[in-house]
Amino acid sequence: MPVKGNQFRSNSFRDEERPRGSGRERLVKEKAESLPKFTFNNGRVVKILGLFFLVLSLYFMVAFCSYLFTWEEDQSYVLDVNGGWSNLFKTSEELAKSDVQTPIVENWLGKFGALLSHQFIYEWFGVASFIFIAILFIIGYRLLFKVHVVSISKALGYSFFLLIFISLTLAFFHSFTSDYPHFLEGEFGFWTNRLLQAQIGNAGIAGLLGFAALTVLIIAYNIDFKIPAREKKTVLEVPAVPDEIELEDEIKSEPVEFPLNNRRREKTLAEEKFAEGSESTTLKQERIVPPVETTFSAAGETVVPRTVPLETAAAATALNVPKFVPADSDYIKPEVSKPEPELTIERTAEEKTAKDLVEQFGQYDPKLDLSSYVYPHLDLLENHRSNKISVSTEELEANKNKIVETLNNYNIEIDKIKATIGPTVTLYEIIPAPGVRISKIKNLEDDIALSLAALGIRIIAPMPGKGTIGIEVPNQQPEMVAMRSVMATEKFQNTHMDLPIALGKTISNEVYIADLAKMPHLLVAGATGQGKSVGINAILVSLLYKLHPSQLKFVLVDPKKVELTLFKKIERHFLAKLPGEEDAIITDTKKVINTLNSLCIEMDQRYDLLKNGHVRNLKEYNQKFINRRLNPEEGHRFLPFIVLIVDEFADLMMTAGKEIETPIARLAQLARAVGIHLVIATQRPSVNIITGTIKANFPARLAFRVLSKIDSRTILDSGGADQLIGRGDMLLSTGSDLIRLQCAFVDTPEVERISDFIGEQRGYSSAWLLPEYVDESGEGGSVKDFDPNDRDPLFEDAARLIVLHQQGSTSLIQRKLKLGYNRAGRIIDQLEAAGVVGPFEGSKAREVLLPDDYALEQFLDNLNNE
Ligand SMILES: Nc1ncnc2c1ncn2[C@@H]1O[C@H](COP(=O)(O)OP(=O)(O)OP(=O)(O)O)[C@@H](O)[C@H]1O
């Protein structure tokens, strides 16, 4: 498999950064870099702190434990009256003077240990001080290992409570046997208890402790105070005169049907226990049990036997025989109050692992490899004297008058006329007088054009959703829409689209931004010199301004060899290419075919990944990957968008026809969900180039001016593109709508500046590599001369895998055996030569020729014996 640049935990390419600047600067910089920086961000300080806390907790542990055994011996040394902490620095003589009997302390951690534990245990909280050890340990462990054991804030809260609670409780009980402070409760507990005793008395303290304990239990566990329901003795109701059991007769002659189904009956028969002669029946199960005399017929019906004597039947009544409920309720449910079920949300093992990983390493950051990447800024673009609407009122007035006049000449009355000024055209909307036929106005297109003496008049009758008729008249001085003015808008800056492309402005002067990811592919047509190349540059530039190199890769196809060369500089940032290719911008038709097929393979691989990741599209997949819920060991990787741009499609179709059309159609049909989007441009939108298959899969089409109505129909399915005025005037068809736009203008020097700006920054080590595509008719595909003795060591494993999955795909071998694409490709060639899989079938998986394991083992035996 080709290296895709991003690794999961570590991010590559970090070491490649070469220091820039003068020699002296570099020297200073290198020196500075060799010294570790002690900032919280680089983690060193955190680790040192973590270690410190752990060691401290160990120290406390030893000192405290030792105190439990040595406190008596050390008492005279640590007592405040004898000097306390000041004894630490006193000589033996000085100690003797201050009444210290044994200047040598017994605590395992010496004087300091003795003083420390005395302070905490005796003077403060008693044995509850051991809680400090736990707190220090939790903090240290968390900082050092970055493992979230318990919430630190919670731990601190509970510890604080326990310190006081334990100390006070011990003091409370101890106060009944002793009048002096003891290390069990510490002086804090002792004196607090004393104080409380005076204020609220022993009963008050007991109540307070009980209240505190219960409060904390409620906070921690939300414990329930329901008084346990006593097992209810359900007294079964007996109808005054049972419906089914007639007691007037000695013998019940007719079978009585109980509304219990057979299965329940079988079950309950075993479960039922009847306390004979008892006055009431206890329900163990949630159901009613029939009286003891009841038997069940073979047919599953419950029958009161004929031989039941009257007394027994009467006894049955006395036994509170259940009131038989209607069939639809089956049995009576006794009303036993159940504790409310607690809702616990179970996380799957996968979610737990992902959560742990995210806690440990944070979310996966695809941008980390090029974390210092700076997006191009607006100053790289020019203003092109745009944003100056240059339609004078005279021009508007004159145009209006001419329109009204022309229409009047044909006896068409107008009620109202309104003008909207756009960058290149002004839209005059007219409301004709009642009774005027729309088609009549539509037919006057040429006449109006003639009277206005202008090219590019378009009549939209009726205006969709407006109830008016629109006449677009070109402005005498069309305004250029600078890319900068479009990109500087809030609309573009704050867009949340996945692949935003700033196409330009509408005729009402609104910025128009489309999402290529939603389009999901774009067909661009336009006669030469009408602004197609500028349009493609606008698309490329918009995306370059919005996406990080880790999120987007371009596959650039430029048969004209000159149009896209400017983008060569961003190869190591934004371009994708076939492994082994020198140039990322593809100009040769043969290589275009290979690249398209490779894209198909990439698409199939992505679909496999999506399937294995249980997601439906690229966005969900990447989100899951970022949250570390997809294991890179299983072949998962962060998937950037891939945008294929073909600058001159006609040329390719002329030279390679089907070979180009098939993969393009496949990609157009399927690639949208896996983040592969196509932008295909052509000068000649004739039917043999934009074929039905291609057209059907490109709902979004962009037409610059074309030369004939037929061309316009081919690209847009309607006229109009032939009436455009050129220089970036265009029509965008999004399936349902047809929008006239003025394309944003971005000049070659601007593109160059942007490419330089990106290209000069640190990039990946090479272009993003597409999967290798082996052209079977090409030179490399000599698979038939396969020597069985020269098999790959993993040949048999691969064969088993393929037969098991019944799927002859290289990516399967690659993924499961964790191999590179080349080796996996070689193995699949050998499998083909050996007869395990069928021949290459484009980007579809190969046919597997062996049906099962048994056949394969026989086959391998034969192969080995040969
Ligand atoms: N959006 C625009 N605004 C203003 N002028 C434009 C715009 N687009 C193109 N032009 C003008 O039209 C000229 C030709 O544009 P462009 O090179 O994009 O044409 P083309 O359709 O790509 O031609 P070809 O197919 O021959 O390459 C540009 O040099 C520019 O002067």
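Glycine is treated like the rest: Cβ placed from N, Cα and C.
For reference, TrEMBL has these:
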type     : residues                                                       : note
REGION   : 1-25                                                           : region 'Disordered'
COMPBIAS : 12-25                                                          : compositional bias 'Basic and acidic residues'
TRANSMEM : 48-69                                                          : transmembrane segment
TRANSMEM : 124-144                                                        : transmembrane segment
TRANSMEM : 156-176                                                        : transmembrane segment
TRANSMEM : 196-223                                                        : transmembrane segment
DOMAIN   : 508-713                                                        : domain 'FtsK'
BINDING  : GLY526, ALA527, THR528, GLY529, GLN530, GLY531, LYS532, SER533 : ATP binding site
What other residues of this chain sit with their CB within 8 A of the center of the CB atoms of GLY526, ALA527, THR528, GLY529, GLN530, GLY531, LYS532, SER533, the recorded ATP site?
GLN683, PHE704, ARG705, GLY726
From ALA527, GLY529, GLN530, which binding-site residues have a C-beta atom under 6 Å away from some atom of ligand 1?
GLY529, GLN530
Taking DSSP as the reference, which of helix, strand or coil describes ALA527 (ATP binding site)?
coil
Drop a 10 Å sphere on every Cβ of the binding-site residues THR528, GLN530, SER533 and tell me which sphere holds the fewest other Cβ atoms.
THR528
Rank the binding-site residues GLY526, GLY529, GLY531 by the number of other Cβ atoms within 10 Å of each Cβ and report the first-ranked residue.
GLY526
Please give me the CB contact count at 10 A for LYS532 (ATP binding site), counting all chains in the structure.
26
